[in-house]
Amino acid sequence: MTGAITLHRVVLDPVTQIEGHGVLEIDFSGGHNVTVRLMATELRGFEKICVGRPIEEMPRLVSRICGMCPAAHHVAAAKAADDIFEIEPPSLAHRLRELALCLQLIQSHLTHFYLLALPELIYRSEPTERNFFRVMEELGPEASRYILEQRSYPGKILALLGGKGIHPEFAVPGGVSSALPAAELYKVQAILRSLLSFGLYTLDLFRERVLNKSPDVVSANAASDFKTYYLARVLEGCPNLYEGELVLVSPEGYPVERLTEAEYAERLEGGREAGNYAESFSFLGRDGQRILVQVGPLARANAAHGFSTPKAAKAYEEMLRTLGPKPIRGEIAYHWARLVEVIYAAERALELTAKDQPDAEEMRVLLPAARGGSGLGVVEAPRGLLLHRYEVDDSGIVQQVRIITPTAVNLRAIDQAATAAAREALASGGEQQAIFRAENAVRAFDPCLSCATHIIRNVQANKGGEAVDSE
């Protein structure tokens, strides 16, 4: 056990193996006291770019916000525009929008698991080997080709559906502008069956390479004692990415409230710390008190009673038997929940493409005349609930934009989870282990931040408590 540690700050700038680049500040303040903060240091200002543009342009424009989950922004904006025009898209449009969300989730979760999480899960104490190239070397060329090929498939289907695999352009106010080509439908379903098989393969690999070889990762999670509320979209007791009610679950695992999208938007309270361009949020409980809430795969697993597709339901029950009872917690639970969702999304995508594609006139409804007002769209992105709200004038020109991402909602939970992990590691393994465990906890949430390129530096505090660069 280490002794007292002198007051100082370690800054990982950037923290690696996350989508984008953030800064991780780890303050050691003596004894076993440590505090961790994840910071975003780059201003994007995307909401300001949208002001002054027609609301019809928003779905296409906001898909450029993120290269990892553009379909989620695309569909959320389309739903918000539907709300402004007070129109109900045809059932085909709803199915195709949900299909896009399923495809995006598969691609995002596979990217996170194989490229960002798996190196750390396999090589937990060798920093120089914690990368995908080392994983490919161990798995071999055939498995590596299989992984990279399968990871590319969701983007190929999105390109057929939305015109582009990265920035789709098919969702419009009132519906969609295109459907899957009838001649390609058989091929799409074959790819989806392949993705389902790959999801099951990935879960088997997770058991073999992580759970069986390192059983301690299940029982010895520093963050497992970290407790929050959970908030997710549920339809008939099962997770759904596109529709359903929002369920708030207590830290003890009990549903305490069911909310509409509007209630969710009203009860988010944002704030920003100095030096951090990422706004963080608290959620207001029914009594008006701030509560710590998280969204995302783990929240969806804890808010649901099961999954609506058979293979995902079976995988979910296995996870609960190992990690339960609910609420399941700990870093390993985040990764496991993502793999269950990959299976679900592939099965659900097969259901959504099983029906014949109807004629083009059934894809959208005609828009009424432009009107003033506001519109709200909420979807389940890979990392959790994503909210888009727009206010437009009588000509349909955007006047105000509010986009609240899952990472922004999770930011305070990420800080507290990383702090809890670092404190436990500091008590038993020293400073370097505390830094490593803090990174583990951050990556488990799969945060998505703006890109930046920085250095690693060590900061000492002077007697007055001010940070002084030690270099």
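From the backbone N, Cα and C atoms, a Cβ is placed for every residue, glycine too.
All TrEMBL annotations are machine predictions without curation.
Copied over from TrEMBL, here are the features:
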type    : residues              : note
BINDING : GLU47, ILE403, HIS454 : Mg(2+) binding site
BINDING : CYS66, CYS69, CYS448  : Ni(2+) binding site
BINDING : CYS69, CYS451         : Fe cation binding site
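In this structure the alpha carbons, written CA, of CYS448 (Ni(2+) binding site) and ILE403 (Mg(2+) binding site) are 14 Å apart. Mapped onto three states, the DSSP output places CYS69 (Ni(2+) binding site) in coil. Of the chain residues outside the Ni(2+) site list CYS66, CYS69, CYS448, GLU19, ILE65, GLY67, MET68, PRO70, ALA72, HIS73, SER108, ALA381, PRO382, ARG383, THR405 have their Cβ within 8 Å of the site's Cβ mean position. Counting other Cβ atoms within 10 Å of each Cβ, the lowest count among the binding-site residues CYS66, CYS69, ILE403, CYS448 belongs to ILE403.
Take the CB of GLU47 (Mg(2+) binding site) and look out to 10 A: across all protein chains shown you find 16 other CB atoms.
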